[in-house]
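Let me begin by presenting the structure, written as structure tokens, before commenting on it.
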Amino acid sequence: MSASSDAEMAVFGEAAPYLRKSEKERIEAQNKPFDAKTSVFVAEPKESYVKSTIQSKEGGKVTVKTEGGATLTVREDQVFPMNPPKYDKIEDMAMMTHLHEPGVLYNLKERYAAWMIYTYSGLFCVTVNPYKWLPVYKPEVVAAYRGKKRQEAPPHIFSISDNAYQFMLTDRENQSILITGESGAGKTVNTKRVIQYFATIAVTGEKKKDESGKMQGTLEDQIISANPLLEAFGNAKTVRNDNSSRFGKFIRIHFGTTGKLASADIETYLLEKSRVTFQLKAERSYHIFYQITSNKKPDLIEMLLITTNPYDYAFVSQGEITVPSIDDQEELMATDSAIDILGFTPEEKVSIYKLTGAVMHYGNMKFKQKQREEQAEPDGTEVADKAAYLQSLNSADLLKALCYPRVKVGNEYVTKGQTVQQVYNAVGALAKAVYEKMFLWMVTRINQQLDTKQPRQYFIGVLDIAGFEIFDFNSLEQLCINFTNEKLQQFFNHHMFVLEQEEYKKEGIEWTFIDFGMDLAACIELIEKPLGIFSILEEECMFPKATDTSFKNKLYDQHLGKSANFQKPKVVKGKAEAHFSLIHYAGTVDYNITGWLDKNKDPLNDTVVGLYQKSAMKTLASLFSTYASAEADSSAKKGAKKKGSSFQTVSALFRENLNKLMTNLRSTHPHFVRCIIPNETKTPGAMEHELVLHQLRCNGVLEGIRICRKGFPSRILYGDFKQRYKVLNASAIPEGQFIDSKKASEKLLASIDIDHTQYKFGHTKVFFKAGLLGLLEEMRDEKLAQIITRTQAVCRGFLMRVEYQKMLQRREALFCIQYNVRAFMNVKHWPWMKLFFKIKPLLKSAETEKEMATMKEEFQKTKDELAKSEAKRKELEEKMVTLLKEKNDLQLQVQSEADSLADAEERCEQLIKNKIQLEAKIKEVTERAEEEEEINAELTAKKRKLEDECSELKKDIDDLELTLAKVEKEKHATENKVKNLTEEMAGLDETIAKLSKEKKALQETHQQTLDDLQAEEDKVNILTKAKTKLEQQVDDLEGSLEQEKKLRMDLERAKRKLEGDLKLAQESTMDMENDKQQLDEKLEKKEFEISNLISKIEDEQAVEIQLQKKIKELQARIEELGEEIEAERASRAKAEKQRSDLSRELEEISERLEEAGGATSAQVELNKKREAEFQKLRRDLEEATLQHEAMVAALRKKHADSMAELGEQIDNLQRVKQKLEKEKSELKMETDDLSSNAEAISKAKGNLEKMCRSLEDQVSELKTKEEEQQRLINDLTAQRARLQTEAGEYSRQLDEKDALVSQLSRSKQASTQQIEELKHQLEEETKAKNALAHALQSSRHDCDLLREQYEEEQEGKAELQRALSKANSEVAQWRTKYETDAIQRTEELEEAKKKLAQRLQEAEEHVEAVNAKCASLEKTKQRLQNEVEDLMLDVERSNAACAALDKKQRNFDKVLSEWKQKYEETQAELEASQKESRSLSTELFKVKNVYEESLDQLETLRRENKNLQQEISDLTEQIAEGGKQIHELEKIKKQVEQEKCEIQAALEEAEASLEHEEGKILRIQLELNQVKSEVDRKIAEKDEEIDQLKRNHTRVVETMQSTLDAEIRSRNDALRVKKKMEGDLNEMEIQLNHANRLAAESLRNYRNTQGILKETQLHLDDALRGQEDLKEQLAIVERRANLLQAEIEELWATLEQTERSRKIAEQELLDASERVQLLHTQNTSLINTKKKLENDVSQLQSEVEEVIQESRNAEEKAKKAITDAAMMAEELKKEQDTSAHLERMKKNLEQTVKDLQHRLDEAEQLALKGGKKQIQKLEARVRELEGEVENEQKRNAEAVKGLRKHERRVKELTYQTEEDRKNVLRLQDLVDKLQAKVKSYKRQAEEAEEQSNANLSKFRKLQHELEEAEERADIAESQVNKLRVKSREVHTKISAE
């Protein structure tokens, strides 16, 4: 990172000191004294790490002195070396000499203290929250960062943004910026700054218009305005942050082709819904609630019906309501303007505010408990009225839906009572759902507005998401966030080191690729893979009785002890309870699973949601338009096996969104920003060490440093390294001659005493391991100290010598002066000397006059000359000014040209690098694609053959599965049809009731019409008849209700159905009462109308006659309809009889289901509930009947009065003619409706009869299908026996075949030697032929390459001649092209030489010419490379390069002609050798074919007989020859065998209940065993061949390694899954048996209870006859009730609803005791009323008996059949679900076994690769030889034909056989290398495990030592205190003395 000067930093303005150190600070840091050996960081408990100085080292302990003066003794591993002062406040921490935690921490701390909040750490940009405003985001800073590379400017979020923008423009690739961190770390602020930067540098400036033409602001304004709106609804105050984002967001900013903003969109994740209804004390809800109540917009307060005090609303006032740093009033205006800018319509804006206000009102809704019930009811409706008004709902409907939601039971909806707590929970869930859906809808609308439909090409995504969270209480939300960060960290690790390793590859460093993205795979798979945490959570959500405990147990069963990342948490006092722990990359997190199932299902009140969907507010209706309940979803999709999207769990939706996010990120080039919170108190400048270290671990900064340390984090250019470290050994680099910087660096490093494995040389840089650069710095400092000391000594000597010479000169001058002074003192008194003193001055005055005259003349001349020179000077100055201007202009032009040239060179270099990288990538991709295509082709061929081989084995399984699936489908269809029939019959009942109502309405209208006519008496008669019929119907309904009530006593199991019927009947009764009231109102209206229309009837007498006729016709029609209704009733009775017949047939099924399922705990509880409810219903019904009778009597009286009045008014009816004309048309319409209703009744009748007939047909079909199924089972058993006999026959034939093969082998041993000789000759010939063919092929390939190179050079020459002005870029392109071509040609030629050297050892005389040509080609390549280097060094020599290219062209023509000649010669030789080989091979194969095949068959059969006995052991030895894995596989084998026994035992136990599956399971097991034995036989058969195939195919090793590892992991996973499934199967079967036993016991108890109840009823009746009998019967009843209660408590003590059952039973006992007491007290009154009661009872009994005799034969059986059918259908469905679940589990197990076998086959096939074809052909020959053996046994002539056919086929396949043998040798090498690699991996794994165990033991030891040290410190401290006390005492004593 280059350090800028102060002048260069001036462009940043006042932000410069906050971005980079000044030059003065850098110089001071470099000159600061520093001792690298003693300056260290030391681990310290309070401060984590402190700066210290080493005092001494002794025995693994180090004594240090800290900066604070304290002395500490620590272990060596707790001491970390300090970086030199020049690294203080370094801008990129990855460049530090010593990379460790304290170095990173103190670098961040020192930069933070200087307010430099941005720091790089490799690919990361780390930012620390300053908690104050810094001037680093001003416009001049944005301008300063624009277009700057990362290394050219200080670290900043603007630098990251600009780099992403520039990469997008240059690389044409999407970019992403990932901003993570804890709450309060500054993620949202940095996201805003990124958006601000893009909105500044990529502005379009065009304003958008909506349809009305209103300006909505520019796209930049809208992007910026999206933040205030999202913050208002998605941000809240937390403990750490006043403006914390409670959701994650991914903002995509799209750019056009010119780099200008085109559009944007936002995706959100994990909105914290719970904050809507609950906040902690120091927090508050979302900002929008407090903005609304800030009273900035009073009209908003008035519109939302709220107050300005947030404490009036429970949902938003649980914590704080104000934030000092936020002005809610200003924020409201910003939010309001943002809504307008973003283009929301006024209606949508009002809807947003209204829904927000409704959520606030929801929190104030009150509910209370009804008296004597657990049912909730509203406690006031004022708040509900406000909420309903704001949501455009009906308040009564809303309250009813909350307190009495409709729940689907079976096929009908019933009203369910809710407790107060359930209602409050439902209100909270609805509030959260409304808020969440509104938030998501707003995001969608914002995206629609930001989508400008402009052309867009690339985007930059900004991810603002919460960082890793480790709290005291971690729930599902924390798991989701931490899982997201795991995925992001894995993504970063992979990306970071891929870039790092790409640089290694580009620099030519040998490096084995390490994918650090796999480091976190274990934790990620534990969470998201099948049978992971999310999978188990979703599975539990599907079970209605699942609890948190069952979820925890499943987690423990599946993962505890099996996954290293899953642990059981430690119990810590004072800490929240935890259920399991996960080891994440950032630390171990304890999770609490309480309430996870409810959170994941996220249930809502479906009835209220239905109201929302029908709301008049369009926004609310659209929010829930796609919602469907779980019941509706399941019922609507019974036929399908998929879950509907409407019933998607929270975890599934989260994973789907996360996968989309990761897909988006993988398609981009990422940039990483990590935000750090320095302290918890929001204090500027303060930094808490432990807090920051925790975040660095969680954010992956330390993880990134760990990855850096694995590679070569320090790197220096060769020139810089030579200049800086030449001082270490100057003699290593000779002076006076030029030497390359790379060679100089190599010599210099080789001459230094360091570890030479710690550095590598690249093409342009030297790379160092972590710490080595620090060692070089120490050595340089020592060397500099020596040199400076020596230099100082020389300088001091020189200075002293100079000073000495000066002292000598001063001495001589003093001597001279002293001599002259002495002489002057001797002569000064002489007379002549005095005269001399007087005359001397006079002589000088004369001389001075002369001098003055001359000086005046000179002065005048000089003045004239000066004037001339001044004129000339002015002229020259003017010329100089013009010249300076021209010079400056030229300098500016030169500078601009130099800059443009430098930019062009940089771009050219960048393009060259990119081209090199892309060409390398293209080459790798093409090679991979070719390899993958070859592998794919081989795999597809093998797969097809395997499928053909297995198809016959699978046919029976598939047929059986198809037949069983068909039977099951038909069963389901039959059951569905039965259910549909019952539903349709219920619907018909409803239609009949509706028709009866309509008939009544018609009769009433007719009666009213007849009242208007003269024939009023007829009308009165009709009305009376109608009323009598109505009363009869009412009586019938009452009787049916009584009958249903009595039937419910006998049909306890159908409670839900009967309750629904009862409520429907009550509703129909209420409807009838409403109809009667409506009739009364209509009568009153008619009376009023008649009074008004009497005057008009006289004019309509003629019309009256016609109407009377029509009325009579209609009356006749009504009578006909009545007859049809009676007929319909008869048909209905007939249908009910048919249903009763069907019910008898279905009762058998129900008995089986009762035995299988029985009565559940809920049914037993419902039995008890029903007894109390039936008593209550009987009383209610009696009251209802009394009220109904009174109402009917009142109606009759009222009707009689109205008839009397109408009789009086008959004379005045003549004046209603005009009214009757109008009513005539209405009457016609009613008549038409009546006729259509009659037709509908007749159609319904016909449909009912058809359905009855179809039901009968379905029952008969079901019987026939059951018979067919039984026949299929019998066929399967017969087929099994037949297969066993066939197996015996095959074994016998195998023995015979062995004997025959032995005979053949003995008969053909005589010709072995001759065939071996011929074989040897043939092999030599084929080797020579193959060598020539390979040489020819390589020669052709080289010719093609040379031809292509020649064409490219011609094009290059023409291009250079055409465009010499563009010589720079073109020469660079040619340079890179020729470099890559030369490298490729070199590699290819070297490979060709190696192949030729290996394959043509025995035929060197045939390829000497080829080697000579290769050498000439090498020379040509060297000459070409030299010419390319000349072009690269000097651009001006392009003409010379063109001449060289012409010369090369001629040389290539010569080479090409030589190659063509050689090609023709080799072609001729090849054809001659092919002819000879064909003639020889035909003769050879005639003699050889029979023997080879028989010999191969003999060997394979012998190996088969041997290996069949040890197939498992051979397989395990083949897979794991490394040692320990043998034991593991043997354990797995034992587990598999044990699991197989368990499966068989479980299947035998379930045989009684699953007889229809037994045959299928046995058949599948038999076939699996057969397939397994056959595959094992084949594998064992090929063992020896595999031993020969383990020698070659080195390329396959690399691809096969990952495949084998994956197969081993998948096999282990499959074994675990299989074991888990089998365990679940056993548990379910045990539970089924247990449930059967409980069902039988409960059924017996139920029957006993019924008998007891009957006996109790008899005893109570006897009690009415006498007091003594009553006491005795009461005692019996009490005893039996107690017994029954005890039995019920014993049976259902473990169930959750036992307490309620017990309370109900106790209440019943209390009622009974109260009744007994009443009987005791009223004994005398009972005796008096005894006779009356007996008479009443006898009358009631007689009536009841009559009713029962009349109706029980018809309706009782029908209704019983219906209810039984419904219950049986439900129970059957449950059993079928259970069976289907078991079947799915079984199929999964079978599929797992098949997949394992298939994978094993694929692994073996991949290992065999080319040899597989030979194996398959040999297998084909085995089959053919088996046929030949059978034919020989039969002594048939077909054997001869078969032999001839085989001879022909062998001739055709001979060539390929020879190639296959070579492949065998290659595969042998392959397998050997593969096994060696497996062993090395095992050793690495064992070493890693041992290292981890050692580290763990060290940790425990250290922890123990730390505890001991703390104890010793405490003891020492106490001793020190004691000594201090003693010393004080001694001191006081001494002072006292």
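The first residue you see is number 1, and the count goes up from there.
Cβ atoms are placed via backbone N, Cα and C, with glycine included.
Here Swiss-Prot gives region 'Actin-binding' for one range in the set 152-174, 474-496, 658-680, 681-703: that range is 658-680. As stated in Swiss-Prot, the feature region 'Actin-binding' covers range 760-774 out of the listed 355-369, 760-774, 1435-1449, 1630-1644. Gly184 (ATP binding site) carries neither a helix nor a strand DSSP state and counts as coil.
DSSP labels the residues of the region 'Actin-binding' (760-774) in these numbers: 3 helix, 6 strand, 6 coil.
Counting every protein chain shown, the Cβ of Glu182 (ATP binding site) has 24 other Cβ atoms within 10 Å. Counting every protein chain shown, 21 other Cβ atoms lie within 10 Å of the Cβ of Gly184 (ATP binding site). Here the C-alpha separation of Lys187 (ATP binding site) and Lys132 (N6,N6,N6-trimethyllysine) works out to 15 Å. Put simply, of the recorded positions Thr71, Glu182, Gly186, Ser625, the one whose Cα is nearest the Cα of Lys132 (N6,N6,N6-trimethyllysine) is Gly186.
Under a cutoff of 8 A between CB atoms, and with a sequence separation of 6+ in the same chain, the neighbours of Thr71 (phosphothreonine) are Gln55, Thr63, Val64, Lys65.
Ranking the binding-site residues Gly181, Gly186 by how many Cβ atoms sit within 10 Å of each one's Cβ puts Gly181 at the top.
Confidence across the coiled coil (842-1937), taken as the mean pLDDT and rounded to a whole number, stands at 67. Listed in sequence order, the residues of the same chain lying 6 or more apart from Thr188 (ATP binding site) and placing their CB within less than 8 Å of its CB are Glu231, Asn235, Asn243, Ser245, Asp464. For Gly181 (ATP binding site) paired with Thr1285 (phosphothreonine), the C-alpha to C-alpha distance reads 72 Å. In the three-state DSSP classification, His756 (pros-methylhistidine) falls within a helix.
Counting every protein chain shown, the Cβ of Ser183 (ATP binding site) has 18 other Cβ atoms within 10 Å. Within 10 Å of the C-beta atom of Thr1285 (phosphothreonine) sit 9 other C-beta atoms, taking all shown protein chains into account. When the Cα atoms are compared, Ser183 (ATP binding site) and Ser625 (phosphoserine) turn out to be 35 Å apart. Here Ser392 (phosphoserine) comes close to Ser615, Ala616, Met617, Leu620: these same-chain residues lie at least six apart in sequence, with C-beta atoms under 8 angstroms from its C-beta. Rounded to the nearest whole angstrom, the C-alpha distance between Glu182 (ATP binding site) and Thr1285 (phosphothreonine) is 72.
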